[in-house]
Amino acid sequence: MKIKTRFAPSPTGYLHVGGARTALYSWLFARNHGGEFVLRIEDTDLERSTPEAIEAIMDGMNWLSLEWDEGPYYQTKRFDRYNAVIDQMLEEGTAYKCYCSKERLEALREEQMAKGEKPRYDGRCRHSHEHHADDEPCVVRFANPQEGSVVFDDQIRGPIEFSNQELDDLIIRRTDGSPTYNFCVVVDDWDMEITHVIRGEDHINNTPRQINILKALKAPVPVYAHVSMINGDDGKKLSKRHGAVSVMQYRDDGYLPEALLNYLVRLGWSHGDQEIFTREEMIKYFTLNAVSKSASAFNTDKLLWLNHHYINALPPEYVATHLQWHIEQENIDTRNGPQLADLVKLLGERCKTLKEMAQSCRYFYEDFAEFDADAAKKHLRPVARQPLEVVRDKLTAITDWTAENVHHAIQATADELEVGMGKVGMPLRVAVTGAGQSPALDVTVHAIGKTRSIERINKALAFIAERENQQ
């Protein structure tokens with residue numbers, strides 16, 4: 001049997017991390033079994049579904065490289081198929097037309113609630129032999145079995161049972177002729193030959209209804225697995241107040257897709273004590289029986305730690321392809337300065353996100369208008385004039401511009417003036433970067449370049465001279 005899974009989001013908003021984790025688990029399960037992964041857009045909610053949301057879902061899937069083998073299929077393009085199946089069910093007696101008014105249904109609901117009963121349709125039209133005009137408004141209901149129970153073996157939670165007496169005669173076609181969500185899902189899973197449905201636990205109550213419809217259609221019933229929800233670190237359901245929840249927001253905030261994938265796969269699944277997983281390892285080790293039944297807590301600090309790891313562990317050339325977008329957001333012209341891959345090597349240890357890296361690299365490519373006030377006050381004092389002049393001359397004399405030779409020039413300055421390296425290094429750092437912090441000074445000066453570094457030292461000396469004149 002060929003394994004076939006699907007990810008079926010509703011395009012009413014962005015791709016959130018919960019949906020991304022569900023997509024990842026479905027994708028991994030299919031890849032682990034050499035199967036196929038289907039993308040289906042469940043856009044039957046015509047009022048809330050938007051093209052922008054569909055694009056956002058696609059963007060998120062593509063950014064995470066969760067490639068699909070079939071689709072995307074759109075439910076709105078399959079209405080003829082759904083209605084053909086409903087008409088077939090009406091002929092076979094597994095569905096029936098219901099003419100009950102909204103007023104009657106509301107009165108029935110209030111009566112049942114007053115008695116402490118679970119509100120459900122009483123089956124009046126199921127047993128009615130009244131004649132109705134062809135154009136009289138009606139819905140179509142599924143004739144749910146009235147006895148017995150539905151049992152399915154959830155691959156994460158174990159056996160789950162629902163009594164058929166608890167289930168309603170579900171509306172499968174509205175008065176306007178449009179099929180309903182629960183019915184469309186059933187026909188889609190049947191037509192697309194889905195073998196395993198991996199989805200959120202909020203769908204558990206839909207499962208017995210869908211199984212009963214599948215059985216009425218004499219269609220194969222897929223295997224189900226319901227993933228627990230994701231909570232914030234306060235134990236409450238993850239929402240915007242916990243920070244970013246959109247996949248693309250994490251891209252915008254400077255996270256690598258590898259970091260988010262690694263974090264999401266571990267958010268409810270484990271393989272021993274291993275924390276870091278390549279994509280290939282995820283595929284190799286992923287099993288549904290290792291997925292936890294309990295809700296997971298989203299920990300941004302852990303994600304940040306993983307992101308920092310991947311910034312330094314992945315090839316700099318690859319990280320640079322993702323950094324490029326953030327550089328463009330900052331409007332930095334990188335034509336005159338180090339290659340982005342070299343920048344990743346320079347700033348990787350200091351920066352936990354690519355956004356932070358892009359925001360702290362401008363001095364490598366563009367001259368700054370002024371020095372950081374605190375850093376200049378502390379380090380660009382008259383006492384720094386001589387160290388800066390000497391190190392400038394030694395840097396000017398370098399014919400082979402390497403980080404090693406830059407280091408020798410700084411060391412030689414300290415030795416000549418018989419001062420510690422900090423007495424040379426800190427004024428030089430502020431002079432060439434405009435700030436009091438940077439990566440190692442020798443590689444920083446080397447990356448900034450000889451001409452630009454010397455120009456900035458002269459600018460710092462002019463700043464010191466002006467400061468002396470004001471005293």
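A Cβ is built for glycine as well, from the same backbone N, Cα and C atoms used for every other residue.
Here is what Swiss-Prot records for this protein:
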type	residues	note
BINDING	Cys98, Cys100, Cys125, His127	Zn(2+) binding site
BINDING	Lys240	ATP binding site
MOTIF	9-19	motif ''HIGH' region'
MOTIF	237-241	motif ''KMSKS' region'
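In the shown protein chains, 20 other C-beta atoms lie within 10 A of the C-beta of Cys98 (Zn(2+) binding site). Apart from the site residues Cys98, Cys100, Cys125, His127, the chain places the Cβ of Tyr96, Lys97, Tyr99, Tyr121, Gly123, Arg124, Arg126, Ser128, Arg141 no farther than 8 Å from the centroid of the site's Cβ atoms, the recorded Zn(2+) location. According to DSSP, Cys100 (Zn(2+) binding site) is assigned to coil rather than to any helix or strand. When the motif ''HIGH' region' (9-19) is classified with DSSP, helix, strand and coil residues number 3 helix, 1 strand, 7 coil. All protein chains considered, the CB of Cys125 (Zn(2+) binding site) has 18 other CB atoms within 10 Å. For the motif ''KMSKS' region' (237-241), the model's average pLDDT works out to 74.
Within 10 Å of the C-beta of Cys100 (Zn(2+) binding site) there are 16 other C-beta atoms, taking all protein chains into account.
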